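Student: If you scroll down you'll find the structure; I have some questions about it.
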Amino acid sequence: MIASRPSTSLRALLLASTVSAVAVPDFSGQQAQIPIQPQDHSQGYQFDPLLHLPGISPYFDAVGFGLEHRAPEGCNVTAASYLVRHGAIYANDKEYEEYIKPFLWKLEQYREGWSGPLSFMSKWQSPIEEDKLEELTPSGAVDAAKVGKHLLERYEDLVPNTKRILADKKSRTYDTAKNLITAWAHNDTVEIVRVTKNKNGAMEELIPHKSCDAFSKEPGAEEQKTFINMYGASVSTRLAAYMPFKLTPKDVVGLQQLCGYESAIKGKRSEICAVFTDAEWMAYEYAWDLKYAYMVGPMNPLSPYLGFPWLHAQSKIFQSIDENGKPGGSWPDEQRFFLSFTHREVPPFVATALGLFNSSSNAKEQFPADHINWTRAWRMADLIPFLGHVGMEKMACERGAVSGDGPGEFIRFIANTAPRPIPDCQTGPGASCPLGDFEALIGKGAERHKDFHKVCDKKNKNV
């Protein structure tokens, strides 16, 4: 039985790195929060916009449900598999063209006339290099190494036997993988396999949306536009007194995105982050949760079809280890820790397939375009920051969660270091899922969504 140790929080590991969460000295200047003191029931809470930027924030640990990050008492992690988004890039090309570049062009035409909270804009320079838009930034490389260190400390008995990891053909995923393993003493013996062809369904597991002709990034665009026009007009009116031209709603989004990208690129909080109110940041967050819900989440019937190939493949690896003592396929016989590097769309597919970020109050969450759904469980800032990841752990436990249960094996899911219970299976230690129940769940899901090629290749919109 492989022993496990308490995991070192990734937030602690990133204190000296680019950007962290609330109450980290790098940005807020405040020390870690302490238990409630007399007459101070707020515990010094301070809103942090960097925790509300789906898809473009520097990495931070998710809070999750408050479950212990280390394996539950009496349990040892015997195998683990992670799907990791690439590290910080200079900018997403589509977001840059649609939101950021038009604002930057206007900025160059109007360098005078800025005042109040925007006075710094008269001399501010964009850190985004157009010829490097989707390349990994230096700070993204540093953070990748820190995540690699965290994973090594979390799985100190598993990582040293890792000889092969996967990445797709994009430079940002490969460079993230290359930098992440620098934290491992045996990094020179780790092979990074670049998946460029759909051999044995490899692309369907790693980048399923690239293997699905029916997938489009357009779903949710109209709903998002409606919501952005509504809150963006209000922000533009509020800021009009401090600037030489009137912001369009898209300019507002571009300026908000520069808060995230500049913070990620420079490794320190952007001045732009303080320009907007907490409510305006929550509106920005909802605009993108709304978009992702329709594009890669529960509002897109394709999402579970695109999430199950990875889940099914990892389940088969774990089963093969049980049955043959080897992971099977092209994996080295002794390997028990598996890493695949991908893009922002894929962790939400997996989460949707399992219901990890779906509400318990409704089978299908509501995403109105005229106001914020504050009670939604679908919050992508907690899943897809740069280096965001979803992982599954196989645990051997002395007993189950129910008193008197004997030894058993369980599966637990992790999203940005925080355990995430599967809504339909959480009766094991630490809200994990008994292995047999998990295999049955994945089997049913894989059968229900087996027509990947049919729904994708024939562009069947009525899944």
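For all residues, glycine too, the Cβ spot is worked out from N, Cα and C.
Look at TrEMBL and you will find C75-C397, C259-C273, C425-C433 tagged as disulfide bond. What TrEMBL lists as signal peptide is 1-21.
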Student: Let me know how many other Cβ atoms fall within 10 Å of the Cβ of C259 (disulfide bond).
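Tutor: Result for C259 (disulfide bond): 24 other Cβ atoms within 10 Å.
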Student: May I ask which residues of the same chain, at least 6 positions away in sequence, place their Cβ under 8 angstroms from the Cβ of C425 (disulfide bond)?
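Tutor: Once residues fewer than 6 apart are set aside, C425 (disulfide bond) is near C433, P434, D437, F438, L441.
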Student: Near C273 (disulfide bond), which residues of its own chain have a C-beta under 8 A away, given they sit six or more steps off in sequence?
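Tutor: Spatial neighbours, sequence-distant, of C273 (disulfide bond): P49, L50, C259, S263.
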Student: Once the chains shown are all counted, how many other Cβ atoms turn up within 10 Å of the Cβ of C433 (disulfide bond)?
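Tutor: I get 24 for this one.
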Student: Write out the long-range same-chain contacts of C397 (disulfide bond), meaning residues 6 or more apart in sequence whose Cβ is under 8 Å from its Cβ.
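Tutor: The list for C397 (disulfide bond) reads P72, G74, C75, N76, P407, G408, E409, F410, G428, P429, given in order along the sequence.
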Student: Please report the number of other Cβ atoms within 10 Å of the Cβ of C75 (disulfide bond).
Tutor: 24
